[in-house]
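Reviewing the structure listed below.
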Amino acid sequence: MVRPLNCIVAVSQNMGIGKNGDLPWPPLRNEFQYFQRMTTVSSVEGKQNLVIMGRKTWFSIPEKNRPLKDRINIVLSRELKEPPKGAHFLAKSLDDALELIEDPELTNKVDVVWIVGGSSVYKEAMNKPGHVRLFVTRIMQEFESDAFFPEIDFEKYKLLPEYPGVPLDVQEEKGIKYKFEVYEKNN
């Protein structure tokens, strides 16, 4: 079964997503709660959502918050020989992770698949054929960054006018404005 892939990311105006292994902006509690809700809440009883992330993204999560709770966590790494402490699975590549999900043991447990970073994992997911959604929080300010979100190809990806559970209005926390957007491609 080919499942839609969902990438979720917060980006600054200069497309920054990270700085020194952390977020480039101060912690935004409501934005973080949106991430938690979107990636955790499953619409199917008895199933869990699954998050896929690169090794650096995994280690950027404070240890007390690893694994991301109430979600199946897959870490991607070509170097690691076994899943890092707390991770449920390790895969060498995104393709391997997606194959793993189709394993009979996992396939019936997984509802929605979320890609949560970093840059190269997002890029690979965005270039995959098929149904891909991008849940983008647009932080309406520039922040110095050393990790960036790949360019969105607007020929392929269309901005949806609305999406269930995604607020439409501009949000503000700590003097920082941001808005939630959802893009989709289906080819």
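Please read every residue number as a count from 1 along the shown chain.
Cβ atoms are placed via backbone N, Cα and C, with glycine included.
Residues or ranges marked as domain 'DHFR' by Swiss-Prot: 4-185. The annotation NADP(+) binding site is assigned in Swiss-Prot to Ala10, 16-22, 55-57, 77-79, 117-124 on the grounds of similarity to another entry. Among the features that Swiss-Prot reports, substrate binding site is placed at Glu31, Phe32, Gln33, Tyr34, Phe35, Gln36, Arg71, with the record citing similarity to another entry.
Counting only residues at least six positions away in the same chain, the Cβ atoms of Thr137, Pro167, Phe180 sit under 8 Å from the Cβ of Tyr34 (substrate binding site). Residues Glu31, Phe32, Gln33, Tyr34, Phe35, Gln36, Arg71, recorded as binding substrate, reach a greatest CA to CA spacing of 18 Å.
The Cβ of Phe32 has fewer other Cβ atoms within 10 Å than any other of the binding-site residues Phe32, Phe35. Minimal Cβ crowding within 10 Å, among the binding-site residues Lys56, Arg78, is found at Arg78.
Averaged over the domain 'DHFR' (4-185), the predicted model has a pLDDT of 97. The binding-site residues examined here are Gly18, Gly21, Gly118; by Cβ neighbour count within 10 Å, the least packed of them is Gly21.
Ranking the binding-site residues Ala10, Gly18, Arg78 by the distance of their Cα atoms from the Cα of Gln36 (substrate binding site) places Ala10 first.
Taking the C-alpha atom of Phe35 (substrate binding site) as reference, the shortest distance to any of the binding-site residues Ala10, Gly18, Gly21, Lys56 belongs to Ala10. Neighbour counts of Cβ atoms within 10 Å were taken for the binding-site residues Gln33, Gln36; the minimum is at Gln33. Of Ala10, Gly21, Val121, Glu124, all annotated as binding-site residues, the residue with the shortest Cα distance to Glu31 (substrate binding site) is Ala10. If you take the C-beta of Glu124 (NADP(+) binding site) and look for same-chain residues 6 or more apart in sequence within under 8 angstroms, you find Ser93, Leu94.
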